[in-house]
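Notes for the one structure printed next.
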Amino acid sequence: MTNKQHIIDRFLRYVKIDTQSDPKSTTTPSTEKQWDLANLLVEELKQIGLADVIIDENAYIMATLPSTVGHQVPVIGFVSHFDTTPDFSGTHVNPQIIENYDGKDIILNKEKDIILSPEYFDDLEQYKGQTLITTDGNTLLGADDKAGITEIITAMEYLVNNPDIPHGKIRICFTPDEEIGRGAHKFDVDKFGAEWAYTMDGSQIGELEYENFNAAGAVVRVQGKSVHPGYAKDKMINSIYIAQDFINSLPRLETPEHTEERQGFFHLSSIKGDVEETVLEYIIRDHDKKHFEARKQVMIDLVEEICKQYERDCVQIEIKDQYFNMKEKVQPVMHIVELAKNAMEAVHVEPIIKAIRGGTDGAQLSYKGLPCPNIFAGGHNFHGKYEYVPVESMQKASEVIVKLVELTAKKYE
Ligand SMILES: [Zn+2]
């Protein structure tokens, strides 16, 4: 359907522009350089002939592909983000193209001896014979999520050039700052005006996701009493030991390193302390809303119990919800997942439906009134130097978008 070289050229154009976001910044976008790609995307959307191409003061880009049918079809949207993670450099991305991949080790960087090996990254094996785009070992690639942007624009271009394909009105949006958790923050859902949407931000070909964690952060502050150790008998209270009691009272196996699939956890991410004060930082994750609430309650009860035990208010806890499982918002409209699944099958992609052990912008958007499952963008090993994407997966993702809008129009005939 889509010209392979065309999709490669487009993707390379985007990843060569540095768009790393910055969690310490308070502006939107969080970094000035995100405008560089944003402005280019606006020009390209106009060039391929989309309508209402708009970029707002926060660099959110929206555009419309008008309907090609006479009957009423719900407006649907596609969303991806143009920033890359602050965790790894995105400066001077120098992509390598491996044609007809032979299934063996790929030398990313000879000098530094950086090798992308199927022995360690066994997903590589399924791409034998395909065209892979990798890094040169010095930066990330930025397939997360410039692959998604490439796929959406390529699909829109194809639909513009093939007006005989029936579809309703399509809206697209590209956001800044997804990687620092703010992609949905200034997303104007009313202005977008879609009934539902899809983020093109998943990993391997076939992924289709509509469940993610419920998430909260907890800060536990333990107060001690510092006294000269030589005169401390019956006077000193060492906050570190109390903190230790707290840590040991939570189930040791309900942690990220011992859980998978739909199992939740408590994750102690930081501990800083001395005799006088110890501060513990936790994140709490669970797909199940009831279990999630129960986990928070366990921590609150534990604080109370320890205070009782030491006969003083020596422990305080502050819990903040971070995001919620989109399943609650998607389940009432399961046909939107069904349509995506059917679209994949129609273009011979086997759907892999699983629960995300994290969050997505789509989760936040779902709670803002725009149900938004996540579809694969095709990349692997996000956020680091081993990131790669098979071009064939990007082509397939583009085809899924085209098929999805077609099936939606047919469903409402
Ligand atoms: Zn992403």
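From the backbone N, Cα and C atoms, a Cβ is placed for every residue, glycine too.
In the three-state DSSP assignment, the secondary structure recorded for Asp83 (active site) is coil. In sequence order, Thr19, Gln20, Ser21, Pro29, Ser30, Thr31, Gln34, Pro176, Asp177, Glu178, Glu179, Ile180, Gly183 are the residues near Asp83 (active site), counting only same-chain partners six or more apart with C-beta under 8 A. The active site annotation in TrEMBL covers Asp83.
The feature active site, proton acceptor is assigned by TrEMBL to Glu178. Other Cβ atoms within 10 Å of the Cβ of Glu178 (active site, proton acceptor) number 27 in total over all chains. Annotation note: Glu178 (active site, proton acceptor) sits in a helical segment as assigned by DSSP.
Residues within less than 8 Å, Cβ to Cβ, of Asp144 (Zn(2+) 2 binding site) and separated from it by at least 6 positions along the same chain comprise Thr84, Thr85, Glu179, Asp201, Ala377, Gly379, Phe382, His383, Glu387. In three-state terms derived from DSSP, Asp144 (Zn(2+) 2 binding site) belongs to a helical segment. Taken from TrEMBL, the feature Zn(2+) 2 binding site applies to Asp144, Glu179, His383.
Residues annotated as domain 'Peptidase M20 dimerisation' in TrEMBL: 210-311. For the domain 'Peptidase M20 dimerisation' (210-311), the number of residues in each DSSP class (helix H, G, I; strand E, B; coil) is 39 helix, 31 strand, 32 coil.
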Fewest Cβ neighbours within 10 Å, where candidates are the binding-site residues Glu179, His383: His383
